[in-house]
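Annotated in Swiss-Prot:
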- D149: active site, nucleophile (ACT_SITE)
- D243: active site, proton donor (ACT_SITE)
- D221, W222, G223, Q224, A225: substrate binding site (BINDING)
- C39-C71: disulfide bond (DISULFID)
- C121-C151: disulfide bond (DISULFID)
- N79: N-linked glycosylation site (CARBOHYD)
- N156: N-linked glycosylation site (CARBOHYD)
- N176: N-linked glycosylation site (CARBOHYD)
- N181: N-linked glycosylation site (CARBOHYD)
- N212: N-linked glycosylation site (CARBOHYD)
- N232: N-linked glycosylation site (CARBOHYD)
- N282: N-linked glycosylation site (CARBOHYD)
- 1-16: signal peptide (SIGNAL)
Amino acid sequence: MRWLLTSSALLVPAAALVRPDGVGLTPALGWNSWNAYSCDIDADKIVTAANEVVNLGLKDLGYEYINIDDCWSVKSGRNTTTKRIIPDPDKFPNGISGVADQVHALGLKLGIYSSAGLTTCAGYPASLGYEEIDAQSFAEWGIDYLKYDNCGVPTNLTDQYTYCVPDSTDGSNYPNGTCVNLTDAAPQGYDWATSTTAKRYQRMRDALLSVNRTILYSLCDWGQADVNAWGNATGNSWRMSGDITATWSRIAEIANENSFLMNYANFWGYPDPDMLEVGNGNLTLPENRAHFALWAMMKAPLIIGTPLDSIDTSHLTILSNKPLLTFHQDAVIGRPAYPYKWGYNPDWTFDPEHPAEYWSGPTSSGEVFVLMLNSEGEVKTRSAVWEEVPELKDRGTKKNSKEKKGFKVTDAWTGKDLGCVKDKYEVKLQAHDVAVLVVGGQC
């Protein structure tokens, strides 16, 4: 195992899991079966998704992982002799390796799912206590990515303390992101990397590192046990909340939570706000656009979760946005965009309905990306004031100069050249929509 001590851009030092072949340097791009099909999966659906990633041009944009989620194995148990998980022969008649061969032949990579418990979330055999056996199986089958969930944990392996995850999935109230009713809180200075949750995930990390194949490791412990403190030393990404749904309220809530974790995101490790819901449910086109843009600017893993053989052009266009994908995959600058102004609320307000509305981030090309969100339920005007954007406010200014600052600006959605914009850029946005600006040189 090779380790690199890095700084997560501003405040939080982290030990990052570095792979010599560069896998995991930037956030993952791919597709996953769960949001599209739940348990109703088979080899044909997985291979169809892989073919569509190629045919729709998504592979050319960097999408590479085709991930099988829960429900892929025989539910009744493991092979009694080898103790290996058995792929469901009805769903996968040629085994997982047969699907891997087809996916690899397209120049793509195959992912699979398990859990750090006795059973998966859908009740199938999981990997706790079988980490080495399963890691070896995955390697032999040609697996390139493991999503590792947090279901089926026996009571004797639950944590002795409870960590505050200010997420509505448990039905609690979190005033300004605090856990006022938290029971069994850890004592001050407690090292969550020594918790039983962390150890369960570390065991699979070590098993994956012991096999002769690089397997990207995606932790899915829902933000428990202060995973932000040890996730980067354990895997390539880590879920920071409960599950996403195809509703704007849930997307906004997760974006709000993750906005306070951006100092943990950098090369080799990224907080994961869950898979994309673009194309699912009753999300409006602006909501789909805002969802994708926020996830891309946060440098979250971008894992598509909709049936690609029936995706409409408008949703495909969102998922194919080259400027945002270029920002997301920058191989020189690892930090994501940061909120620089909350807009609807005073700065640093924790509000599940109204996340931070103004974000900015640098690129290796010298351009600055600026995102403006309308978190309200009606048309509103938003303004990006150059003097407020951290990456722009000191760029090329002259002391005591009264001349307004101007920058060359491009609309990231349309590619339209917006010309030389002085002082600020103002735009009317539909409910729950975003504007994304690519700000270039001065003019």
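Glycine is no exception: its Cβ is also placed from the backbone N, Cα and C atoms.
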Least buried by Cβ count (within 10 Å) of the recorded positions D221, D243: D243
All-chain count of other Cβ atoms within 10 Å of A225 (substrate binding site): 28
By Cα-Cα distance, the member of recorded positions D221, W222, N282 nearest N176 (N-linked glycosylation site): W222
Conformational class of D149 (active site, nucleophile) under the three-state DSSP mapping: strand
Distance check against W222 (substrate binding site) for the recorded positions C71, N79, D149, N212, D243, N282, keeping those with Cα within 10 Å: D149, D243
Cβ packing number for N79 (N-linked glycosylation site), 10 Å threshold: 12
Site of maximum Cβ density within 10 Å, from glycosylation sites N156, N212, N232: N232
Winner by Cβ contact number (other Cβ atoms within 10 Å) across the recorded positions N176, N181, Q224, N282: Q224
Residue with minimal Cβ packing [other Cβ atoms within 10 Å] among the disulfide-bonded residues C39, C71, C121, C151: C39
CB-centroid shell, 8 A cutoff, substrate site D221, W222, G223, Q224, A225, site residues removed: N150, Y163, V165, T197, V227, R239
Intrachain C-beta neighbours of the residue listed as 'active site, nucleophile', sequence separation six or more, cut-off 8 angstroms: D70, Y113, S114, S115, A116, G117, T120, C121, A126, C220
Candidates Q224, N232, D243 (recorded positions) - the one closest to N212 (N-linked glycosylation site) by CA: N232
Least surrounded among the binding-site residues, given as W222, G223, when other CB atoms within 10 Å are counted: W222
Distance from N282 (N-linked glycosylation site) back to N232 (N-linked glycosylation site), taken between C-alpha atoms, in Å: 34
DSSP-derived structure type at Q224 (substrate binding site), helix or strand or else coil: helix
